[in-house]
C-alpha cells in the first residue's frame, strides 16, 4: 500500500519536470535592446482587447527588416521610421482601415481609382435638334411611327413643330396626314392658336396591310389657319415607309425639316426631283432620287407601278445603270433613294446622267413615261445644264432641283 503511493508520487514528479522542459522549449527568446518594442506590444495588445477580445497578438517586426510605405498610400498621419525606432500614429483604435486614399482634386489618376466614378463616361450627347436650324428653314416637325404586324395598323404620333415661318405676325397651325398614294382621305390634327412652336401630342391610326405598307408614304402638310379659316400651306414632310423603319415593333421618334411644295403646275409628262453631288477626293458621283409628280400613267396596261432607272453615260455609251424600288399606284411616287457612281474628274467633261421613269406592266414589261438628261454643255441645256454646273461649283454638297420629263427614248 505504501509502496504504491510512493510510486504514484514519483510519477507525478517526473511528469511535472517533463512539462516544464516542454514549456521552456516553446518560449520565445526576447531580443536584446528593444525596450520600446515591449511597450508597443503592450499597447497593441490593449487595442486588440478593445476591438477583438479573442484575437491573438502578433510578434513585433524586428528593426533590422526594412519596410517602405508606397507613396500612393502615404497619408497625413504617416510618421517616418528611423533605424531601431518603432512608433504608432495616433488614431481611433477601432477605426476601419482605408483601402485607398481619396483626394478632392480632379486629376486623371482619380478616374482610375477603385470605387470612384468618372462622370465623363456617363454624359449623353447633347440634343441640338431644337437649336440648330439651317438658313431658310421653314420649320421642323417631330413625329413617331410604329407598325403592328398582327393588327395591320400603322400608329402615327404627331408630337410637335418648331420655328414655323408664319405668313403674318401670329401663327395658328394644324397638320393634315395623308398615307400616299391615297390623297383623297386624310386625318387632321387640332388647330393650335397663336404659336409658331405648337405642341400637338396627338395619335392617329391608319389601317394598312403588311404587304403594301412598305410601298406607302406618310405625308404631313402643315397649314396656317387665318381669321377667315382659310388654310395656307407652310410646308410639308414626305416620309417613305421602308423596311428598315418598320423592322422592329417599337415606337420610333423622328424629326424632319419642312419642304416647300412646288407651286408650278406639273409639266406635260410629269416632273422628277433629285439631288446631285460630286466628291472630287473620292471621285464619286452621287444621285439622290427624291420623288416625281404629275406622271401620266397608262392604267389600261394592268398593274400600275413606277420606278426610276439612273444611268451613267460616257460619250453616249452606258457605263452603269441602277434602279429604284417600285412604287405601286401613284402618280406622285416618293423614293428618297441614293445611288453612287465612280467617275474621275477628267471624265466629267464627257459624262452625263440619264434618269428615266418607267411604268411596269404585266409580263415583266415596262413602258417609258419620261426622261431627264443632265450633264455638260455637250449633252444638256437650260435647267439641266445649270444643275450640273452648280454641282461642280459646290463639291460635296447636295444640290436639289425639279426637272420636267420629256418623251425622248433611250438610244
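Backbone N, Cα and C atoms are what each Cβ position is placed from, and that goes for glycine too.
Since this is a predicted model, take the numbers as computed values, not measurements.
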Inset, instruction - Kindly point out the range from 16-41, 42-67 that TrEMBL annotates with region 'Disordered'. - result: 42-67
Inset, instruction - Residue list, the signal peptide (1-16) vs rest of chain: Cβ under 8 Å, 6 or more residues beyond ends. - result: none
Legend entry - Mean of the pLDDT scores, which run from 0 to 100, over the domain 'C2' (268-389): 87
